[in-house]
Amino acid sequence: MAVSERRGLGRGSPAEWGQRLLLVLLLGGCSGRIHQLALTGEKRADIQLNSFGFYTNGSLEVELSVLRLGLREAEEKSLLVGFSLSRVRSGRVRSYSTRDFQDCPLQKNSSSFLVLFLINTKDLQVQVRKYGEQKTLFIFPGLLPEAPSKPGLPKPQATVPRKVDGGGTSAASKPKSTPAVIQGPSGKDKDLVLGLSHLNNSYNFSFHVVIGSQAEEGQYSLNFHNCNNSVPGKEHPFDITVMIREKNPDGFLSAAEMPLFKLYMVMSACFLAAGIFWVSILCRNTYSVFKIHWLMAALAFTKSISLLFHSINYYFINSQGHPIEGLAVMYYIAHLLKGALLFITIALIGSGWAFIKYVLSDKEKKVFGIVIPMQVLANVAYIIIESREEGASDYVLWKEILFLVDLICCGAILFPVVWSIRHLQDASGTDGKVAVNLAKLKLFRHYYVMVICYVYFTRIIAILLQVAVPFQWQWLYQLLVEGSTLAFFVLTGYKFQPTGNNPYLQLPQEDEEDVQMEQVMTDSGFREGLSKVNKTASGRELL
């Protein structure tokens, strides 16, 4: 069973579930770009530890503090375990879930960019093998010295020199890594050997990588492999604890995440301005305002607050490596409310609630009974994903749950719009109000197209963009999502603004006799020079 320091939900009573969800929210603030992953009883052959976009002079530090293989000493000496560091394409992380069980990544001779860290438990050393063009990718033993906490204090010296002969270790105390360099025929460093410590039936070592030039910049994926667990049914559980610290010259954020602080701050201001403008419209047209209009205002302000907290979180992650706990909790709460309000508002507008009717049908109530719990589940999945490490055993499961639930919600909110369109189509041919119903029908058809475009741009086009652009431009994915959301909000407000000439306010209130009398009076010229009075859905007259 794999466990992480950032736990999710488990079994228990509803009260315990609530407590654990709150615990997840609180611990979510601890996640950042300094990662600590602890797995016990793990049986996976390949563990995707993390991915990160590095610029020149960026650094990756890895400290394997615990590795217990759970086998006899003779069996451990023949194991094939280690790390791999590869440069992957933008928008994706290498997956080993479908590979052949006889194909071990640690035994590959690759012409592409790849670094292998082969753990040799027999000789107590870690052999580093490089493949591809890596002229300025520097690998050193130990961790980088920490910066002084106060100005004027001297920096602590590294406890391990970068190149030292020897590789033996002592089991009496925790020894330092002692690397050795083997020279190749050309005189260049071909294989770097790091010292491996063995203490209390556990192995440990550390290293750090520095990106030396622009040629080595890119999206890197760090993975752990235990090739002896590749054969199904013959897995042996092992324990591993690893610390990963990633940093770019300007902070702890990945290359694609650096612009997000400013992006989310600007978008938060845009949604705030849109919300204030919308409230001003409602205050000027109080006679035509429905409850759904105030719900739309609440959604705009909630979205703005959510983006504000998200922006602040990224600022502290970039400067400290982790966000502030209180702000992280506030962000998760705002995000949960925003997600629920968004789909509820879209579904209510699509059903025509308060616009063309005051009571939801049984079918529409069932849709809300599906969308609301699904949105709660989607937000719980999002919080768990944000608060757990990529290497956690259930990380991929929660990502799949989030994708599936979000897809179901996007499909479900279209049904009320379709039903409203059909209702107006049927009504236009039966109640004699063809002109009014056709105007409403056109309005809801436009809204249907808007919802389709919103889902298409934020779910499909955004993913394609993320795959297509280089690693440093991955933030365009968030720009497209937030920009599409803002455009959808503005267009929805424009289409359903509380003005007297809006089609949804022109609800027919007259019966058939009134229509006939109106026709007679018009034909006779009796009403010449008089203006027509329409009644709104609220029963109030608009001149």
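Yeah, the Cβs are placed from backbone N, Cα and C, and that goes for glycine too.
For 1-32, the entry in Swiss-Prot reads signal peptide, with the evidence type sequence analysis.
The Cβ neighbour count for ASN57 (N-linked glycosylation site), using a 10 Å radius over every protein chain in view, is 14. Annotated N-linked glycosylation site per Swiss-Prot: ASN57 (among others), in sequence order, evidence recorded as sequence analysis.
The annotation N-linked glycosylation site is assigned in Swiss-Prot to ASN109 (among others).
What Swiss-Prot lists as region 'Disordered' is 149-186.
For ASN200 (among others), the entry in Swiss-Prot reads N-linked glycosylation site, with the evidence type sequence analysis. Taking the Cβ of ASN200 (N-linked glycosylation site) as reference, no residue of its chain lies under 8 Å away while being at least six apart in sequence.
A strand conformation is recorded for ASN204 (N-linked glycosylation site) in the three-state DSSP classification. Taken from Swiss-Prot, the feature N-linked glycosylation site covers ASN204 (among others).
For ASN228 (N-linked glycosylation site), the count of additional Cβ atoms within 10 Å of its Cβ stands at 20 [all protein chains shown]. The feature N-linked glycosylation site is assigned by Swiss-Prot to ASN228 (among others).
The transmembrane segment feature in Swiss-Prot is assigned to 263-283 (among others); the stated evidence is sequence analysis.
Among the features that Swiss-Prot reports, transmembrane segment is placed at 292-312 (among others), with the record citing sequence analysis. For the transmembrane segment (292-312), same-chain residues at least 6 beyond its ends with a Cβ under 8 Å from one of its own Cβ atoms are 260-265, 267-269, 271-272, 274-275, 278-279, 282, 323-324, 327-328, 330-331, 334-335, 337-338, 341-342, 344-345, 348-349, 353-355, 482, 485, 489, 492-493, 496, 498.
Marked as transmembrane segment by Swiss-Prot: 336-356 (among others).
Under the heading transmembrane segment, Swiss-Prot lists 367-387 (among others).
According to Swiss-Prot, the transmembrane segment annotation covers 401-421 (among others), on the basis of sequence analysis. Residues 343, 346-348, 350-352, 356, 361, 363-364, 367, 370-371, 374-375, 377-378, 381-382, 385, 441, 444-445, 447-448, 451-452, 455, 459 of the same chain lie 6 or more positions beyond the ends of the transmembrane segment (401-421) yet place their CB under 8 Å from a CB of it.
Taken from Swiss-Prot, the feature transmembrane segment covers 449-469 (among others).
What Swiss-Prot lists as transmembrane segment is 473-493 (among others), and the listing cites sequence analysis.
Sequence annotations record features per position, and here Swiss-Prot assigns N-linked glycosylation site to ASN534 (among others) based on sequence analysis.
Between the CA atoms of ASN204 (N-linked glycosylation site) and ASN228 (N-linked glycosylation site) there is a gap of 19 Å, rounded to the nearest whole number. Geometry remark: ASN57 (N-linked glycosylation site) versus ASN228 (N-linked glycosylation site), CA distance 36 Å. With a threshold of 8 Å between CB atoms, the same-chain residues lying at least 6 positions outside the transmembrane segment (263-283) that come near it are 289, 293-294, 296-297, 300-301, 303-305, 307-308, 310-311, 314, 475, 478-479, 482-483, 486, 489-490, 493, 497-498.
Distant neighbours of the transmembrane segment (336-356): 290-292, 295-296, 298-299, 302-303, 306, 364, 367-368, 371-372, 375-376, 378-379, 382-383, 409, 412-414, 416-417, 419-420, 423-424, 440, 444, 447-448, 451, 492, 496, 504, 507, 537; these residues of the same chain sit at least 6 beyond its ends, with a Cβ under 8 Å from one of its Cβ atoms. Around ASN204 (N-linked glycosylation site), a 10 Å sphere centred on its CB holds 19 further CB atoms from the protein chains shown.
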